[in-house]
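Enquirer: Okay, here's the structure, questions in a sec.
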Amino acid sequence: MLVRIISLFALPLLLVACDSTPNHSFDGTMKTETPSAMEAQPSTHATSESEDGGLLAQLKADEKAAEQEQAAKEQDNRLREAKFEQNLTLKKSVGTTVCTWQNSVGTVKKVEQDRVQIAVYGRALSATNGIFFSPSEGSPDLTTQEGNVWTDGHDWAVCDATLR
């Protein structure tokens, strides 16, 4: 009884195993068959490796581009800061256009010994601080912020902003 159960279980496995081996005829000669469509296709393993290599190369290129972009932003920020610091030391006379690091812009109305009156015109919409001191930016759009402020002038630097 046990032999019969094993035979019933083993027979399908034997048939599958025999089906995957080369076919022999009963006369001892080998039958030749054309490969099936599955066997004729190139290995997907090699294709997968080349796709992975391409994706890895693209990822590295994207990472390098992001690093270069970040370096350019940091360089632009350093240039803006340097120009702002330099322009803080320039003389502020009546009629001079001045800007803050937070992108407010105005003109000097009065100058006294220890303070300056500034007619604030507006503020740049840019999220980048010091936008008026950037060599690469044009004239940013402004929101109107009219008012006069008295200040010691230490946070207002001479700038080239165009007041429209």
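The backbone N, Cα and C atoms fix where each Cβ goes, and this holds for glycine too.
Remember, predicted model here, so these are calculated numbers, not experimental data.
Taken from TrEMBL, the feature signal peptide applies to 1-25. The region 'Disordered' feature in TrEMBL is assigned to 26-52, 60-79. Annotated compositional bias 'Polar residues' per TrEMBL: 26-47, in sequence order.
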Enquirer: With a Cβ cut-off under 8 Å, give me the same-chain residues at least six positions beyond the ends of the region 'Disordered' (60-79) that come close to it.
Expert: 130, 133-136
Enquirer: With DSSP helix as H/G/I and strand as E/B, how many residues of the region 'Disordered' (60-79) fall in helix, strand and coil?
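Expert: Counts, helix then strand then coil: 20 helix, 0 strand, 0 coil.
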